[in-house]
Amino acid sequence: MALSKICRPTPIRLARPQPLSLSLVRTYADNQHSRFNDQHSYKEEKEQWQYRPNGSGDYRVKLLAPTIWALVFSAGAFVVCAESFASHRKQFRESGRNILDILGLGMRGYDDESDQIWKLMNDAQVQMLVGRAHDVSGVAHARAIRRIAHMPSWVPFEVKRSMVIAADKWHRLSRGEKCVYTIAGINAVVFGMWQIPRLLPFMARTFLHDPRSGLSYTMLTSTFSHREVWHLLFNSIALVSFGTTVADVMGAEQFTAFYLSAGVVSSLASHLLAPLRPALLLPSLGASGAVYSVIGATMMMFPRAKIALIFLPFLPFTISQGFPALMAYDFLGAALGWRTFNHVAHLGGGLYGIAYVEWCSSQWSRLVRFVEKRKA
């Protein structure tokens, strides 16, 4: 008995992991900031505030490397998207022999596509699922329906019908709308990853931008990251409401480059100004800066567009009245050091959207022509 008592293992109680909330992130950041202040001396003699570590570690807020990274990434995003647009336009031009084909009024390729659609839809399982007169927008749409119809038999019929409805809505969207909904879907996937406890260390390291981390790529990844449901919903609603129109005007490729660069520029603005207020050196996340850019671009394109707040739908006003008021609120929050939102990122994103439409959007066609000449 004595031996069994000695060898009996002591039960170990594992602490349940706590869900990571925005307040917990701020508490963590404040604790890290206090620890740095206790262990390292810092000086504010220069205009740029920096951590001054005594040991071998380097905890300074770097400014040059993130700025270079943001410029290189933004330029690369525009070049890659311009090459994609040029390739798409080249394929479109090669598909037509004359002006009628280019305008979509010719018959070249029409018979081949019709035959493919007919073969895909003239299937027993497809007709059993959607009937004989189901309207499709193209070959890709017909292939998607055929895949759904040939799913395993254990998949319920109602699930297949729901998938057909989703496929119909997706394939009838414009290319700009597909681009916007894809971005919203990525945001939702990243939000779901935040809900998995095992992924919290990875998410906090990869999808939070901390100015003191020395990482530059998090200026991009953090723009797809949301921790609170309300944060994700508000940004998604604003992105879909304003982004679909802007994407249709710009085109999917230009809007993709614009949105990615807007997210990086808004994060860079917050990063560069954060050292001026050491108490506000907190990890940040969210697509608000990029969404502000989209709203700013909408205001420049459609200054008389009528909008209304979700909770005040009976008080419509023009976007030229509402967006400057929102920017003024963020300017006040940035000046007074409010910590509810990242007001500096909001301001940077909004100004970038306005400046891009005013001065930079006309350069897109020049970039595309340059890419086409380089490929020729």
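Any Cβ shown, glycine's included, is placed from N, Cα and C.
Any TrEMBL annotation is an automated prediction that lacks curation.
The shown structure was predicted, so the numbers you read here are calculated from the model rather than taken from an experiment.
What TrEMBL records for 217-357 is domain 'Peptidase S54 rhomboid'. The transmembrane segment annotation in TrEMBL covers 63-86, 229-250, 280-302, 309-329, 341-359.
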Summed over the domain 'Peptidase S54 rhomboid' (217-357), the DSSP helix, strand and coil counts are 104 helix, 12 strand, 25 coil
Over the domain 'Peptidase S54 rhomboid' (217-357) the mean pLDDT stands at 90
